[in-house]
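Heads up: the structure comes next, in structure tokens.
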Amino acid sequence: MPCPSSPSTTSLHKPWDHGKNELIIGSSIPLVSVKMELFSAFNLHLRRPFWLLISLVFLLLLLLNSRVVLSDPNYLIGLGSYDITGPAADVNMMGYANTDQIASGVHFRLRARAFIVAEPKGNRVVFVNLDACMASQLVTIKVIERLKARYGDLYTENNVAISGLHSHAGPGGYLQYVVYIVTSLGFVRQSFDALVDGIEKCIIQAHENLHPGSIFVNKGEILDAGANRSPSAYLNNPAEERSKYKYDVDTEMTLLKFVDTEWGPVGSFNWFATHGTSMSRTNSLISGDNKGAAARFMEDWFQQNGIANSYSDESVVDGIPRRISNIIPDLHENHHELLELAASFQSSSGQPATKILSIAKRVRSALRQADKPGFVSAFCQSNCGDVSPNVLGTFCIDTGLPCDFNHSTCGGKNELCYGRGPGYPDEFESTRIIGERQFRKAVDLFNTASEKLNGKIDHRHSFVDFSQLEVTLPKQGGGSDVVKTCPAAMGFAFAAGTTDGPGAFDFEQGDNEGNAFWRLVRNFLKTPGKEQVDCQHPKPILLDTGEMKKPYDWAPSILPIQILRIGQLVILSVPGEFTTMAGRRLRDAVKTVLMSSGNSEFNSNIHVVIAGLTNTYSQYVTTFEEYEVQRYEGASTLFGPHTLSAYIQEFKKLATALATGQSVEPGPQPPDLLDKQISLLTPVVMDATPPGVHFGDCSSDVPQNSTFKRADTVTVVFWSACPRNDLMTEGTFSLVEILQGKDSWFPAYDDDDFCLRFKWSRPSKLSTRSQATIEWRIPQSASPGVYRIRHFGAAKSFLGSISHFTGSSSAFVVT
């Protein structure tokens, strides 16, 4: 849960109130109010027929002896969640393409979260949201293979969607095309396996949790979590089109609330467009960025308030849920007694440990959960292509002045222009704030959701070769033209980066020409032919990735497109980053097809959302007009100026098939390049400590008789080993424990908490010695008491064996 305090807002309401017309009764809800309502109804109906009184008595007995929902469940619903953090050391992070951004610790752990919705005797769909930069075609292929081996044809590429929330702070190396794994020194098996394993396990959980339930949908507006980072390109869209919209970004969040018949609310998924770039290109701690943070905030909020027998605003500190104060009932109030108690617990020498200990000690360990589904909340990505969470604007780091509007440069240099988040200059604070803004809106929508999804579960999926796709465009005045997409290529402005993460050298956004020097460099790799140059115009080609095949494909050409339907909700699974206006055009086109299909199930109440970065990744999709400007997003629109028109054409085919009950052609299969992958990342050879030192020993302990206050930072350094030896999946590298009674330590904060940071370092790349620095920023919600910090790790011997260890700091007092 978020540990720092935050500005106060309106109080958060009970998670089981989802509308005036629906009342969910679950194990966590007192039946007193329900009984009173029923007795009131009884009194009002004293003069009604006798059978009505009998019915009321029967209903009352049913409520008293079971958990029920006062609305007919129309679906089977199941949710699941699993750790996908991956290697927390040595691996290049995916997103910024910055070779210096190497993982060296954990801000908070990453998860895969899934929901399954099924008709009791019919279709079903699966949606998975990853705390990762994007989906990967290779990951999707291998997950589907595993699901088919386990479930047959129940889950296939047709009805499973795997989407990334676009954090730029997760381990890379899990995609199969060369251009996306160059900076990670090729393929990273640990990153890949962590994703495939975690996705499979979260889907298995969701499948095993399937139970009758209902889904509610709600929408709301967030005005302060995204800003357009390419406004000059957006302004190139027709003025008439722009006049339809109040803002140059999409401000709407669409949320689903899942309500289990037996357990009550069990989860929520929402879609909202803003980039996962609150954490900067220099950050080296694994993080789910603002959306991953929002998911953790909401899951902890519900865990705190949703399972209690009664609700109290005292369990929320400035809108942020607390856990510990309600768990530890008997705290010592005398400071002197606390110091004496803390002094009796000095730092322990590093000790051998079992692998399971790290999992068992987690605050949210499944080993300690009640026999009920855990609450799962996902904050999914949408058409975020030109939307930045750095909402304060773009400024030159040398002068502090605003950047050039058209090119995002400072004195002609793009590397000096950066966007500022709301917590500037603290990127962690910006991440928290943008995450919290999404979290608060999600809670509001969750608490007020009343529109119930009803209707069929359905899906359509097709693979499309976008490298030379014919696209029919209507002409003004009638008739049509046929144009074609192009093999993938990246423009010069791609190398300029964005204001979220600028590039280097002399590239700049808005470059329609390129320069002779970089053309010469390009030609060493591949010189694009005239047909390709003409097709991609006005993009000056920097990398002709679609025609580069050595040692294997540099870029995708065959892409999946998919529509999932749950009643009146339609999810468009797109394999890239659509800009704001591109996403609006796609949504409108699909909605128009559905509403004009003659199918009465699709009316004005239909909800169409875009799930970005889904099933595979193919960079950006801009409008034709934005492409002409050739800012970063246009230069990264791989298949030429008609890419968006191609998507709209193909999605309209899927929508027509969905509305009319027709099937679609599966299309050409994308390649499976796993056997061709090359990895240049060196393995861990061995770990060592100085003579007389054990793994887990404190290198720098807290001072004796230490007392800290809320908002202070406690820092402890341990002798450690490479985190790649054991990823601690579903476990933790760091732990804060609170003393209960005289000698019982209780887990309070771990790798999943925003306030606790695990930083790993070694003196040099070839050194066998390393240290783990654990920093705890004491949150305002922390309870007074005696605490200590623990570290878990695994060391590799010269012979290759892995041994787990743990160590703890001296105890200290928090007042």
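Every residue gets a Cβ built from N, Cα and C, even glycine.
Per TrEMBL, the features are:
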TRANSMEM  50-70  transmembrane segment
DOMAIN    75-649  domain 'Neutral/alkaline non-lysosomal ceramidase N-terminal'
BINDING   His166, His275, Glu577, Tyr620  Zn(2+) binding site
ACT_SITE  Ser388  active site, nucleophile
DOMAIN    651-814  domain 'Neutral/alkaline non-lysosomal ceramidase C-terminal'
| Which residues, in sequence order, are found in the same chain with Cβ within 8 Å of the centroid defined by the Cβ atoms of His166, His275, Glu577, Tyr620 at the Zn(2+) site, excluding those residues themselves? | Gln381, Cys384, Gly385, Val387, Gly576, Gly612, Leu613
| remark: Same-chain residues at least 6 apart in sequence with Cβ under 8 Å of the Cβ of Ser388 (active site, nucleophile), in sequence order, are Gly226, Ala227, Asn228, Arg229, Thr274, His275, Thr277, Gly419, Thr498, Thr499, Asp500
| Whole-number mean of pLDDT values that fall within the domain 'Neutral/alkaline non-lysosomal ceramidase N-terminal' (75-649) | 93
| Which residue, of the binding-site residues His166, His275, Glu577, Tyr620, has its CB surrounded by the fewest other CB atoms within 10 A? | Tyr620
